[in-house]
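Per Swiss-Prot, the features are:
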ACT_SITE  212  active site, proton acceptor
BINDING   178, 213, 311  Zn(2+) 2 binding site
REGION    566-604  region 'Disordered'
TOPO_DOM  39-383  topological domain 'Vacuolar'
TOPO_DOM  460-469  topological domain 'Vacuolar'
TOPO_DOM  522-525  topological domain 'Vacuolar'
TOPO_DOM  681-696  topological domain 'Vacuolar'
TOPO_DOM  748-977  topological domain 'Vacuolar'
């Protein structure tokens, strides 16, 4: 029986325009809103302290730690180190009554002033003397001997846990989140695990390393301390942003990642881990030393936004929060507690290389959070197995279902017509209608947002720096409006009940191809960044299969054809009724006008005018029901109200509610995974363009994520009413205009310019440079008084532009400004002595260079041609860290620069160097030339570096000044030997 028109309009679950518009919109809003809230609103700090922790104390410690710049090469760094040793002593002495007593936790503090190391990497040599602070809290199952006191002795047992943070900052940042919060979290971990009742089962090593900011030196030199043999797992606490949530950057394996699952507020995605593996993220953390060089298995937890404050004077306590501190601290406590309580043998086994700890090998991990409260972790092998299964089962299931439908004569897809008996010809099915819609609509919508990405990169490439949500709004509104507009046009021109099944079939094909690609990466490279594709493909497969199963509810094609032919033969012939049939061969050439005229025949040929055969217009009421205007005709009487609009008549029996199930299978999980991933990626990259990264990539990523996020609407969007798309069109126009004309920076979203002052100590030449993105770096230089009237030289430097000028502002880095001491002559800032040595057994070109600098702990030697070998007197050598050029490390061309770091001020380094002979000259003329340079990085005293003070004072408020190199000031002298 035909459904009544009123019943159809009152069904809130039917596949009509109002239910589809309301339901789809509500699902998107209901899921995207909490995703955005979770991303930006941090968990509240507990009203009362957690046992073993003191959050008020932690916040006060952070404020004290960040009261000045404290890079390795600064006197403030020494003050911070002394303060940390004092705080650790206070914590340990308060919690540990006596290490000899039963009720005390055995704790040892190592003030490491002995470890040093030489490392060569990427044609750069580094010699570093460490000043790390190491706290060892003994575990219940640890070796009771003080084995570290005996050279060559190793600990017994299952291995311990390392928690690391670095206490040095950059020379232009206070280091609140890079890495102050990590350091304070370590202090609280010491407090927590030395509190009675919290004694660890495995030993806990807390490392506060010094010298991370320049080449990860502190972590590398930690490897030389005997206690480094104990830990098999680690947790690295880092800051690559300046606040917000601490995210799980990367992990070594599934087994160790499961302990992060204990965090009360987990946050992160394996996508970031893939970014490091694929080289998309160029900067590194101490994680690479512990996991790659030493063979530990662990986690990298770090702040990642906002990048505009990273390494600037806004990385301070004022611009972070207690909520950020609590977010990292709570994760650190939960994760560490799980690791030190583990009694399994999961982290024992063969070392991953010579000299590495015997931590065994774990399985690749897939992990992501859900709304910042739940955390999914499983093996990449599981993802691979599920992917392969879906790749096989999905197409096979649809193929078998299609065969069954064809055998039952219910395969309406691709059907053109069905022949009927009695000479009526064939009944059209119009089964191809809607087949080509998805490629056209999907291609057009995707092309539109990709075109917008290129437009932004061309006209206003930096707008995403401060207005990332305006870019998102523009992309989303454009995509949805174009998709709706094209779908409505297609549905108006050629209405089809097969729109949904065809679109879903195309979507399944697309996700199947994407799943093939991600499966290859999972198996070949261990990269799981496409984890969301399997959820996408599975939901799309299930929704597509439901559409195929819906076809079983339709009559057989032959029955439908016979029914149509029977209806037509049982009533007077009409023009409207005849259109349901395709003429047979016998009826070709027969026309109504060939019949015998009667009194009802129209005076105009081919047109009947009697009331009995009057054809009326039929209108759509907007809910899918058809309203007649006039007296019923043969056609309208035969029309089934279960048929939506002018779609195929045979679609009357299709279920009206299954679309909801299909949408719920596809959309929610896609919205959650893609929505969270989109915000995570946007936060990580939208402010990286100032560092010289591609200006196009962020916009392309947002465009593609928009496509993935809203593609689940394509099977249903042709049922949308015009209200929301029209509103989105207005949003698109407004955001497009804004994104094209708005200035991309502000006081809260500053662009970074990189400062360096270079002084030629031989000639007295003094040059200041700012490096950044054009035209903004030139605009900033124009505001500097000392640059006014100077010859500004702007040259490309990597992916940025360096603008430099001669400056009259001489740095006062040897004596404090206002000191009564006389200024030290420039040529005494750096002292060196280069002596040629007797030819060796393997090389005739050998020299010894001694270098020292006043009031500095960092110098370097730059060679005009590469050296093939060098050695710093007193340096340790470790096979895990190459100390000379080698083919395996890509440094076979030699070393061009050696950086020298000392824990003492004014130290003299002695470097022996060898270089290859030049075939064009004899040995006596084969000289080695270069520069002896020292670095000064202490900007805590006003007037010490007047050029820096001036740049900070007079730069526009949308500019942040940060350091370009290891030193803010570089003083150089030329040498030849």
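The chain as shown is numbered from 1 upward.
The backbone N, Cα and C atoms fix where each Cβ goes, and this holds for glycine too.
These numbers come from a predicted model, not from an experiment.
Within the chain carrying the topological domain 'Vacuolar' (522-525), a Cβ under 8 angstroms from the stretch's Cβ atoms is held by residues 277, 380, 383-384, 387, all 6 or more beyond its ends.
Here the topological domain 'Vacuolar' (460-469) has Cβ contacts under 8 Å with residues 308, 682, 686-687, 689-690, 695-696, 698-699, 702, 738-742, 744-746, 748-749, 751, 773, 776 of the same chain, all six or more residues outside its ends.
The distance from the Cα of the residue listed as 'active site, proton acceptor' to the Cα of residue 311 (Zn(2+) 2 binding site) comes to 13 Å. Long-range neighbours of residue 213 (Zn(2+) 2 binding site) (same chain, six or more residues apart, CB within less than 8 Å of its CB): 71, 72, 166, 168, 169, 170.
Residues belonging to the topological domain 'Vacuolar' (681-696) score a mean pLDDT of 94 in the model. Other Cβ atoms within 10 Å of the Cβ of residue 212 (active site, proton acceptor) number 26 in total over all chains.
Residues 178, 213, 311 make up the record's Zn(2+) 2 site, and a Cβ search at 8 Å around their centroid adds 169, 170, 173, 175, 179, 239, 310, 315 from the same chain.
Of the listed binding-site residues 178, 311, the Cβ environment within 10 Å is emptiest of other Cβ atoms at 311. Beyond its flanks by at least six residues, the topological domain 'Vacuolar' (681-696) meets 39, 241, 244, 271-272, 275, 304-308, 453-454, 457, 461-462, 464-465, 468, 472, 702, 705, 749, 751-752, 772-773, 798-800 of its own chain at Cβ-Cβ distances under 8 Å. For the recorded site, residue 311 (Zn(2+) 2 binding site), the DSSP three-state label reads coil. Secondary structure from DSSP puts residue 178 (Zn(2+) 2 binding site) in a helix. Secondary structure counts, DSSP: the topological domain 'Vacuolar' (460-469) has 5 helix, 0 strand, 5 coil.
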